[in-house]
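Let me begin by presenting the structure, written as structure tokens, before commenting on it.
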Amino acid sequence: MKGNIYSLFVLIAAFFWGTTGTVQALAPESATPLAFGAFRLLIGGSAMLLAVWISRELHVKNWAWPLVFLAAVCMACYQPLFFTAVKETGIAVGTVIAIGSAPIIAGTLEWAVLKKRPRNSWWIATVLALAGCWLLFSDSSNVRIDVAGVLMALGAGASFAGYTLISKAMMKTQPPRATSAVVFMISAILLTPLLWQLDISWILTPRGLGTSLYIGLIATCAAYFLFAKGLTGVPASAAVTLSLAEPLTASLLGVFFIGEMLSPSSWLGIALMMLGLLVISAAPRKQKTAEAAHMS
């Protein structure tokens, strides 16, 4: 049961992330992907840092600072790559490729670098979810494929996988919420200088401020605190596979709020993705039950 709670934390986080593409589409047209991503980190990172400071969780003694900065670089790269991909190739395709590629990259890195072979449930769930991803955007008459956008989405997927693996390693010895807060604040600092080169007047409009606050406070601060908590109870590769709930959410929001069209095969893809998420969500409980039986 406890393992399923950690999986639920990741799923809720992924749901919030899945709203980012739709929220970006609702932002003013002058809001560039780079500026939107930078404000997301700035607002979200500030809120996270304030929260851990108030709760007195901000203890940074004996931290693995090289890993902290590497995780921050991954997150700083993820923001502009993801939002540009969504703008260039659509909400559904951009999100599906970005997050759909991440489980493969994360599982491969976890196996190659950490010598930790993913569980059988991960393979089954990832195959189901990725097959669902492919079906979700395989009908070219309903979506647009932009090569540059696809490459940026793949880069975003690699950045997210790297962030997850590094965060998982750090959270073995560092407090999850404080680690996430510091990583996001450093990421914001890395991207903030770029704001001076962009037109950011849009954030002073009601739509600009509203979408920025939502993306920073809900889809970043709340979501990544939940994700950090989830990482303490599930493997990094499983967490990234669970994150496939993000494109599932994004696709449904794209249909119901933005007017994007999905074919019957795309709906079949959604069903496969949901099945994959159920498989990986149930895995921690089964593993724990097996361990308990073995100990008895």
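Any Cβ shown, glycine's included, is placed from N, Cα and C.
Remote same-chain partners of the transmembrane segment (8-28), defined as residues 6 or more beyond its termini with a Cβ less than 8 Å from a stretch Cβ, comprise 36, 40, 82-83, 86-87, 91, 94-95, 99, 202, 205, 207-208, 211-212, 214-215, 218-219, 222-224, 226-227, 229-231, 233-234, 239, 242-250, 253-254, 257-258, 277, 281. Summarising the annotation, Swiss-Prot assigns transmembrane segment to 8-28 (among others).
Residues or ranges marked as domain 'EamA 1' in Swiss-Prot: 15-138.
Panel annotation: around the transmembrane segment (34-54), residues 20, 24, 27, 75-76, 78-80, 82-84, 175, 177-178, 180-182, 184-188, 191-192, 194-195, 198-200, 202-203, 211-213, 215-217, 219-221, 224-225 of the same chain, lying at least six beyond its termini, place a Cβ under 8 Å from a Cβ of the stretch. Taken from Swiss-Prot, the feature transmembrane segment applies to 34-54 (among others), supported by sequence analysis.
Residues or ranges marked as transmembrane segment by Swiss-Prot: 63-83 (among others). Panel annotation: around the transmembrane segment (63-83), residues 20, 24, 33-34, 36-38, 40-41, 94-95, 98, 152-153, 155-156, 159-160, 162-163, 166-167, 169-170, 173-174, 179, 182-184, 186-187, 190-191 of the same chain, lying at least six beyond its termini, place a Cβ under 8 Å from a Cβ of the stretch.
Same-chain residues lying 6+ beyond the ends of the transmembrane segment (89-109) with a Cβ under 8 Å from its Cβ atoms: 17-18, 21-22, 25, 81-82, 118, 122, 126, 129-130, 133, 136-137, 143-146, 149-150, 152-154, 156-158, 160-162, 164-165, 236-237, 240-241, 243-244, 246-247, 250-251, 253-254, 258, 260, 262. What Swiss-Prot records for 89-109 (among others) is transmembrane segment, and it gives sequence analysis as the kind of evidence.
Swiss-Prot lists 121-141 (among others) with the feature transmembrane segment, giving sequence analysis as the kind of evidence.
Swiss-Prot lists 147-167 (among others) with the feature transmembrane segment. Away from its own ends, the transmembrane segment (147-167) comes close to residues 67, 70-71, 74-75, 77-78, 81-82, 84-90, 93-95, 97-103, 105-106, 109-110, 113-114, 179-180, 183, 228, 231, 236, 239-240, 243 of its chain (Cβ-Cβ under 8 Å, at least six residues beyond either end).
Summarised by DSSP class, the composition of the domain 'EamA 2' (158-282) is 103 helix, 0 strand, 22 coil. The domain 'EamA 2' annotation in Swiss-Prot covers 158-282.
Residues or ranges marked as transmembrane segment in Swiss-Prot: 183-203 (among others). Within the chain carrying the transmembrane segment (183-203), a Cβ under 8 angstroms from the stretch's Cβ atoms is held by residues 27-28, 30-32, 34-35, 37-39, 41-42, 44-46, 48-49, 68-69, 71-73, 75-76, 79-80, 163, 167, 209, 212, 220, 224, all 6 or more beyond its ends.
Under 8 Å from some Cβ of the transmembrane segment (208-228) lie the Cβ atoms of residues 9-10, 12-14, 16-17, 19-20, 23-24, 26-28, 31, 36, 39-48, 51, 167, 171, 176-177, 179-180, 184, 202, 239, all in the same chain and six or more residues away from its ends. The transmembrane segment annotation in Swiss-Prot covers 208-228 (among others) and rests on sequence analysis.
According to Swiss-Prot, the feature transmembrane segment maps to 238-258 (among others), an assignment based on sequence analysis.
Sequence-remote contacts of a segment are chain residues at least 6 beyond its ends whose Cβ falls under 8 Å from one of its Cβ atoms, and for the transmembrane segment (261-281) they are 4, 7-8, 11, 92, 121-122, 124-139, 141-142, 238, 241-242, 244-245, 247-248, 251-252, 255. Among the features that Swiss-Prot reports, transmembrane segment is placed at 261-281 (among others), with the record citing sequence analysis.
In this model, the domain 'EamA 1' (15-138) carries an average pLDDT of 84. Same-chain neighbours of the transmembrane segment (238-258): 7, 10-11, 13-15, 17-22, 25, 90-92, 95-96, 98-100, 102-103, 106-107, 118-119, 121-122, 125-126, 129, 133, 136, 160-161, 164, 168, 227, 230-231, 266, 270, 273-274, 276-277, 280-281, 283-284, counting only residues six or more beyond its ends whose CB sits under 8 Å from a CB of the stretch.
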